[in-house]
Amino acid sequence: MMNILEVEDVTVGYGKKMILEDFNMTIPKSTITSIVGPNGCGKTTLLHTLARVLKPKYGAVSIGGEDIFSLDTKDVAKRLSLLPQSSAAPAGLNVHSLVSYGRYPHKSAFGGLNSEDAENIDWAMEVTGIRDLAERSLDEISGGQAQRVWLAMALAQNTGIILLDEPTTYLDMKFQMEILNLLKDLNDTAEKTIVMVLHDINHASRFSDGIIAVKDGEVISTGSAEEVMTGSILSEVFDITPVMGRCPFTDRPIITSYRLRS
Amino acid sequence: MAYIMTLIISFLLLAAAITLSLITGSVELSLHDAVNAFIAFDPSDNGHIIIREVRAPRAAAAAIAGAAFAVAGGVTQAVTRNPLAEPGIIGLNAGALFFLTIAFIFMPGLPFTYLILISFAGALFSALIVLTVSFFGRARMSPLKLILAGVAVTLFFGSLSTAFQLYFNIGQDIAFWFAGAIQTIGWAHLSVIIPWFLFGIAVSLLLSPVLTAISFDEQTAVSLGVSVNKTRLSALIAVVMLAGLGVSIIGAAAFIGLIVPHMARFLSGGDYRRILPLSGVLGAVLTVCSDLAARTLAAPVELPAGALIALIGVPFFLYLARRVVRYEV
């Protein structure tokens, strides 16, 4: 299986403070990978490094075997999209125009939307369930609706790789499941590679081919849900004592409840 | 479609404002004179000469300065992601003022065209300092760094200018120059300014799609494939050109750069491809009207156009802010 994304000996951080040091990771093509770990462990830093938002101090990030920083950033944007944890838009932009900015990397500066653009935008708005909001302004809709709008923008980019930073935050339980099903579906039918930071570890277990558990900038464990989702590993990563069970739908390991480690 | 209509109406307003300022003044002229001055010029007709050599360049200068400030303001707001930004925020006005102060002290009696160039050079100089400071070190060109450096440079040059003006007692000359630059402007001066203007406007309009993308948060802009720093730098170069020439024509009326983009945003939505062209036309309308009012309201005394712009603009701006600002900043 080919590795579509590779992180090699990467040291990265903000200013003088390094968050990840000599970090290594590979993401196989057409898989769903979840990054889990406690607050401040470097998950978002890792995702931003993969998305070339942060430039590593040392080491290399490659996409399809090529150094991501040597490629034209617009070409990278045709292959990789990112849904950040929170996003901000210029005031007054309506939902449809915002989603259509997902087509930005595919167009020349003043080219209008062609039929391929229109199809991608329509599709992205359809699957995220925001069709009815098209003419609304971002400041007129709820946080959960806004989250789906941003997801639609990332999907309209129609890239082979989609990176998502806590895509289910702000969403109610139904929409959480809809979004995760949608991502699974995109992975199954369109062979998209999906890398996401997930807070809900049971969702990670249920939807991922691979899980990377990170703590203090180090990979504690990486592998399938069966390999990573064990009581002892979770106890170490999250500093809790979990009670493990099985997901009734997928038979994968889940945490049924937990208490603080005494 | 609604946008195209708005743009057409704004252009018609501009044409009306310019026509009105061609025929209004101490010598009242007719529409007929205004048309003939251009299509059937008669060098022995004083009215034709007033229109061609005095009022037309003045109206053109007002339109150019207004459009330049307004477009520069829109670009500045996009680049700094700050709805309260205007071109003065990167130190332009203070730099222009400082250079003029120096010129008035050491080279009194310098011809007008040189003064325009000097004020332009001052704007460039201070903007260059701000850009350099914000370009190096951590968080390159971050909006916050730009604003902080801009405020610091503004205070620095502002206090130097004040001190020099007090010491050399030239405060009045400076004030007179700022109020008077537009009164004596002619085609010769405009021919110096127009190429810069066209260049600045062209760069801004070419950048407009990227400006919308860059005014998303940083991560989103990068993941859409925007070269954030490159865009900021070219956008700020355009701002320096436009606001620099604006300052040299009507002084520190950068207030246009704050309010007009908001009017345009209200009328056209949040996309800079729409905001910028509309800002340009509306900025021109506002400034031509203000300049017309400035020279007619208290004739033969001329009021400072900048003050009138604020007088007309502020109530309107407050009305807009109350009515339409639903978005949280």
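Backbone N, Cα and C define each Cβ position, glycine as well.
The feature transmembrane segment is assigned by TrEMBL to B:59-76 (among others).
Look at TrEMBL and you will find B:88-106 (among others) tagged as transmembrane segment.
As annotated by TrEMBL, transmembrane segment applies to B:112-134 (among others).
Sequence annotations record features per position, and here TrEMBL assigns transmembrane segment to B:146-168 (among others).
Note on the transmembrane segment (B:197-216): residues 64, 67-68, 71-72, 74-75, 77-79, 81, 224, 226, 228, 231-232, 234-235, 237-239, 241-242, 245, 270-273, 275-277, 280 of its chain, located 6 or more positions outside it, place their CB under 8 angstroms from a CB of the stretch. What TrEMBL lists as transmembrane segment is B:197-216 (among others).
When Cβ-Cβ distances below 8 Å are used as the criterion, the transmembrane segment (B:236-263) is approached by residues 61-62, 64-66, 68-77, 79, 83-88, 90, 92-93, 96-97, 115-117, 119-120, 123-124, 127-128, 131, 146, 178-179, 181-182, 185, 193, 196-197, 199-201, 203-204, 207, 275, 279, 282-283, 286-287, 291, 304-306, 309-310, 313-314, 316-317, 320-321 of the same chain, each at least six residues removed from its ends. What TrEMBL records for B:236-263 (among others) is transmembrane segment.
What TrEMBL records for B:303-321 (among others) is transmembrane segment.
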Leading contact stretch, B:59-76, B:88-106, B:112-134, B:303-321 vs the transmembrane segment (B:146-168) - CB distance under 8 Å: B:88-106
Residues from the same chain, set at least six apart from the ends of the transmembrane segment (B:88-106), whose C-beta lies under 8 A from its own: 76, 80, 82, 114-115, 118-127, 129-131, 146-147, 149-151, 153-158, 160-161, 164-165, 168, 170, 173-174, 177, 236, 239-240, 243-244, 247-248, 252, 254, 257
